[in-house]
Structure formats: C-alpha cells, structure tokens
Ligand SMILES: [Zn+2]
C-alpha cells in the first residue's frame, strides 16, 4: 500500500493560498502529502474549492460556520445542500471561540448545536475549533458540555488540539480524535506533546491549519499543506515510530473517522 501524509485541516480556498494553488499543490506532492481536507467556512470558499477539486480523490471538503464568522450562518440552507456532495466529508470547522469576543457565547453555542444536528442528519463527523479566553480556559469546558448534551453519531476531531491532558482524556473517552498541528513542534508546545504521550495511536490525525501556525522549521512563515510532513516526522520521532508506520496509522484513522470515503 502506498503511504503518504494527510493534511486533515487546511484553509486553502481563499486568499494567498488559493491564489498560489498550483504551487502549493505541487509543494504538497513533493513532500508526499497526498490527501488534503479543505476547510470551507463560506459559500465563496466552497465554490472556489469545488472549482479546483471536483472529482479529484486527493481532496475532501469540510463545510461549516466558524464561531468567529457567525454571519455566514445566514447561508445555512445552501451549506446544507452541499452536505450530500461526495467530497464533502465533514461539518466543520464549528465550535467555540472566546479569544476575540466573549459577548457572543450564547449565539456560538446555538449555532454549534444547530450544526451538530445537521451533522447527525447527514451522518457526518464534525471538526471542532476551540479557542479559550486570553487568560482563561472556559471555551473547552463549554465545548465538552455541548458535545455531552448533544452527542454526535459519527464523532469527529478536535482540530489543532492544544489543551490539557485531562481534557484530552475526556474527549478521547467520548470517542473524539485529536488533530495535531504545528504547535506540536514548538518549543513551548510541551502540553501538546504530553497529550501525544497518552493518546491511543488510533485517535491521531495530522493537520496544518494553513495558513496559520507553521511547524518547525517553518515557524513564523505562511503555512501550507506540504508542511504537514514536518509535523508528521516530528510526531513519528516523538513516538518512536517510523514515518511509514505513522503514515499508515493516520491513513487508517482518517478513513475510519470520515466514514463517507
Ligand atoms: Zn481551522
């Protein structure tokens, strides 16, 4: 079986990354990144993504209203009409973000729950965004509470997980996968590496969150899907696995979680 890296979370359907599409796709190919899950949070992104990837099995799409872009929820009916598209494999990213604006919590919860219901209706997993306050940690508590009260049939992934081991255990017990991104490789990413030390291998996903959070040795630069290979190599090394073993494991995990593929 051919082995390759998977970027399970990339925002490449807008802005600079979309404008340099051919280049970033070639770069990904050069570093053996052969499956990319594109996160779309607006109809424009969705249309732009489809214009490039329709029918190409190396790309999937996650579609959902991000908690910092709640205005896009006005298009939810159209979003819903895309959920049966064969390449749309996930509702996301959705979640709670208390970093920028703490006044929207109730509305964020409401829209998160509505999108969980959509995921269940279409039997899709979810990709969850969590960002705590600058000086606190209640967004993760809210997410855990909502996911407990509103169970998702096909579970999903907490993307770019960067919280505590304790909360990771709760989410793993609930059946969730955790996405590991660039922070895993940062000097100050010790808490994420602690999570790597306790996570069952069959719950690990790899991701970039491009264009944000580029891993070492590209930290500070614009991130792109090719760089998931650096994070992957770092994780394999940390877990004393070969690159091929980790690639195979993540491929298996990805296919198990995204049941539609
Ligand atoms: Zn994201």
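Yeah, the Cβs are placed from backbone N, Cα and C, and that goes for glycine too.
Fair warning: this is a prediction, and the values are worked out from it, not measured in the lab.
Quick look at what TrEMBL lists:
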type: BINDING; residues: 9, 11, 93, 209; note: divalent metal cation 1 binding site
type: BINDING; residues: 129, 159; note: divalent metal cation 2 binding site
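Counting every protein chain shown, the Cβ of residue 93 (divalent metal cation 1 binding site) has 28 other Cβ atoms within 10 Å. In this structure, of the binding-site residues 9, 129, the smallest number of CB atoms within 10 A of the CB marks 129. Of the listed binding-site residues 11, 159, the Cβ environment within 10 Å is emptiest of other Cβ atoms at 11. Listed in sequence order, the residues 10, 39, 127, 129, 159, 160, 207, 208, 210, 212 complete the 8 Å Cβ shell around the divalent metal cation 1 site centroid, once 9, 11, 93, 209 themselves are left out. Taking CA atoms as the reference points, residue 129 (divalent metal cation 2 binding site) and residue 11 (divalent metal cation 1 binding site) are 13 Å apart. Rounded to a whole number, the distance between the Cα atoms of residue 159 (divalent metal cation 2 binding site) and residue 11 (divalent metal cation 1 binding site) is 13 Å. A simple way to gauge crowding: the CB of residue 209 (divalent metal cation 1 binding site) has 23 other CB atoms within 10 angstroms, across all the protein chains here.
Across the fold, the C-alpha of residue 209 (divalent metal cation 1 binding site) and the C-alpha of residue 159 (divalent metal cation 2 binding site) stand 8 Å from each other. Taken residue by residue with DSSP, residue 9 (divalent metal cation 1 binding site) is part of a strand. For the pair residue 159 (divalent metal cation 2 binding site) and residue 93 (divalent metal cation 1 binding site), the Cα-Cα distance reads 8 Å.
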